[in-house]
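Chemist: Features from TrEMBL:
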TRANSMEM  21-40  transmembrane segment
TRANSMEM  81-106  transmembrane segment
TRANSMEM  138-156  transmembrane segment
TRANSMEM  176-195  transmembrane segment
TRANSMEM  202-220  transmembrane segment
TRANSMEM  246-266  transmembrane segment
TRANSMEM  287-309  transmembrane segment
TRANSMEM  329-358  transmembrane segment
TRANSMEM  379-396  transmembrane segment
TRANSMEM  408-427  transmembrane segment
TRANSMEM  434-450  transmembrane segment
TRANSMEM  462-481  transmembrane segment
Amino acid sequence: MLATFNNKKMVWAIMVIENPILITFVGYLVLMMAIGFWAYRATDTVDDYILGGRKMGPAVTALSVGASDMSGWLLLGLPGAVYLSGLSAAWIGIGLIFGAWLNWLFVAKRLRIYTQLADNALTLPDFFEKRFHDNQGYLKLVSAVTILVFFTFYASSGMVGGAILFEKVFGLDYTAALVIGSAIIVGYTFIGGFFAVSWTDFFQGCLMLIALLIIPFAIFSHPETHAGIDAIDPAMLALVNDKTTTIGMISLLAWGLGYFGQPHILSRFMAIGSANALPLSRRIAMSWMILSLIGALATGLAGSVYFATTPLANAETVFIHLAQAAFNPWIGGLLIAAILSAIMSTIDSQLLVCSSVITEDFYRKWLRPTADDRELMMVGRLGVLAIAVIAGIIALNPESSVLSLVSYAWAGFGAAFGPVVLLSLFWKQYSRNGAIATIIVGALTVVIWKQLTGGIFDVYEILPGFILAIMTGVVVSKLSAPNAKIMAEFEQFKSTL
C-alpha cells in the first residue's frame, strides 16, 4: 500500500517536472496564496476585510479596478468575438472606454467622499441606507438581494472560463477543471479579504497587459503571417461591415453604461486612501484599459490569420491556442496564466462584494447587530464559500458562454444600480422610495427584456433598463415632499467637493 502511494507521488512529481506549463501555473498560484496569507496578517477588522481600511494606493487601486472589471472576457470572450466577426466587435471596447472614463471622472471622487461622510458606509447597500435614512432597511434589502442574484451569475461566468482553461491546457474533465479552478480562487479570497484581492489584482493586471501585448506582436512580426494578412477578408478589418447593424452598434456602445453600477468596481473608489489620489489613479487605469483592449482586439485578428486554414472549434480559446503555438512551453505557460489572472481577479472581487453584503447588509443588519469584528469576518468567509458553491452549480453546464453570462450580469448591475448611484450623487431631491423603485424597475426590465427577441427587443437590455430606471426614480421622488435633513446632508457633501 505504502509502495503504491509512493509510486503515485513519484509519477506526479515526474509529470510536474516535465510539464513547464504546469510548473508555471503552480508557481503563479503559490504566489497568489502567499499574498493571501500576507493579507490575512494585515486584516484586523471587518473594515480591513471589506475595504482594506480605506488605505489603498493609486496604482493598486487603478490596476485592481481594471483587472476586476475585465475578467476572463478580456482574454477569452473579446478575442473570440474578433476572431469570428473582425473589428466590428471593437464597438464594445469603444463603449467601455468611454463609460469607464466617465465613471472615473464623475463618480469616483463623489462616491469616495460621500460613503465616508455617510457614517463610513462599507457597501453600496449600506451607503444607500445611510444616504436616505432608511431606518426600516427595505432599500438595503432590495439592494443586497439584487447584488447576490446578479453576482452569482457573474461569478459563474468566470468559473466557466477557468474550467475551459484547465480543460484545454491540462486535458482535465470539465467538472474536475471547474472544481480545481474555483477552489484556488476561493482559497485566497477566503483567507485575505480586500487586501489580498487588491494586491493579487495588481499583479494579475500587470500580467494580463503583458500577455495581451506580447501575443499579437509575436504573431504579426512573424514573416509567414504577412501573407496571411494580405489574404484576410477586408471586412474583418472594418469597424462597420455587412454584419453590422444599427441595433448591434448601439447595443455594443451601451455596455459603457454598466460601469456606473458595478459594485466590485465602485468599491475600489471607496477604498482608495485619499480622494486626491484619484486623478493619478484614473490616468493609470485608463492607460491600462486602452492598451489591454487594443491587445485583445489584435489577438483576435492574429488568430483569424494564424488559424485561417484550420478554424478553431471554440472561438473563445483563440488566446490559449496562440500562446501554445507561438511560444515555448515556459513562456506559453506564463501567458496562459494571464487568463487565470483575468478570471481570478474578477471572481475574487465579486465573491468579496457578496461576502460584504452577507456580512453587513444581512447578518449585522437583521440577525446580529452587536456582532464583533471576529464574528463578522468569519461570517464573511463562510459567505464566500456559499456564493462560490451556488455559482459553481450554475457553471456546471459546459455549453455556457462566458460572454453571454457576463453580458446578463453586467446589464443587471448597470440598469439596477447605475441610475441610483448617479441620482444619489447628483440630485439632492432623490428619495428613498425613488431609489427602491429605480433598482426594482432596472433589474426587472433586464430580466424581462432578456427573454424577448426581434426588432427593438434585440437592443442590449442594459439600455432600456437604464432609461426606464432613471425615469422611474425621478417620477417617484417627485411624488413625495423632499426630506429637509437629507437635503441638508447633501449640501454638506457638496461643500466638500
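Yeah, the Cβs are placed from backbone N, Cα and C, and that goes for glycine too.
Since this is a predicted model, take the numbers as computed values, not measurements.
If you look at the structure here, what lies around each of the features I listed?
Modeler: When Cβ-Cβ distances below 8 Å are used as the criterion, the transmembrane segment (81-106) is approached by residues 69, 233, 235-241, 243-244, 248-249, 252-260, 265, 278, 281-282, 285-286, 289-290, 293, 296-297, 299-301, 303-304, 307, 312, 315, 318, 403, 425 of the same chain, each at least six residues removed from its ends.
Among residues of the same chain six or more beyond the transmembrane segment (138-156), those with a C-beta under 8 A of the stretch's C-beta atoms are 124-126, 128-129, 132, 263-264, 346-347, 350-351, 353-354, 357-358, 361-362, 365, 387-388, 390-392, 394-395, 400, 405-406, 408-410, 412-413, 416-417, 432, 435-436, 439-440, 443.
Beyond the transmembrane segment (287-309), the same-chain residues lying 6 or more positions past its ends with a Cβ under 8 Å from any Cβ of the stretch are 62-63, 66, 69-70, 74-75, 78-83, 86-87, 89-90, 93, 96-97, 100, 205, 208-209, 211-213, 215-216, 219-220, 225, 228-229, 231-232, 236-237, 318-319, 321-322, 325-326.
If one looks beyond the transmembrane segment (329-358) by at least 6 residues along the same chain, the residues whose Cβ comes under 8 Å of a Cβ in the stretch are 19-25, 28, 32, 50, 64, 67-76, 122-123, 125, 144, 147-148, 151-152, 154-155, 158-159, 161-162, 165, 169, 181, 184-186, 188-189, 193-194, 196-197, 200-201, 203-205, 207-208, 210-212, 214-215, 263-264, 267, 319-320, 323, 379-381, 383-384, 386-388.
Using a Cβ-Cβ cut-off under 8 Å and counting only residues 6 or more beyond its ends in the same chain, the transmembrane segment (379-396) has close neighbours at 46, 49-50, 148, 151-153, 155-157, 159-160, 163, 175, 178-179, 182, 185-186, 189-191, 193, 351-352, 354-359, 363, 371.
Outside the transmembrane segment (434-450) by six or more residues, the chain places 128, 132, 138-139, 142-143, 146, 149-150, 408, 411-412, 415-420, 423-424, 457, 461-462, 464-466, 468-470, 472-477 with a CB less than 8 A from a CB of the stretch.
Here the transmembrane segment (462-481) has long-range neighbours at 250-251, 254-255, 257-258, 410-412, 414-416, 418-420, 422-423, 427, 429-431, 433-435, 437-439, 441-443, 445-446, 449, meaning same-chain residues at least 6 beyond its ends whose C-beta is under 8 angstroms from one of its own.
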Chemist: Any residues 6+ beyond the ends of the transmembrane segment (408-427) with a Cβ under 8 Å from its own?
Modeler: 106-107, 110-111, 114, 124, 127-128, 131, 143, 146-147, 149-151, 153-154, 157, 255, 257-263, 266, 434-435, 438-439, 442-443, 445-447, 450, 460-462, 465-466, 468-470, 473-474, 477
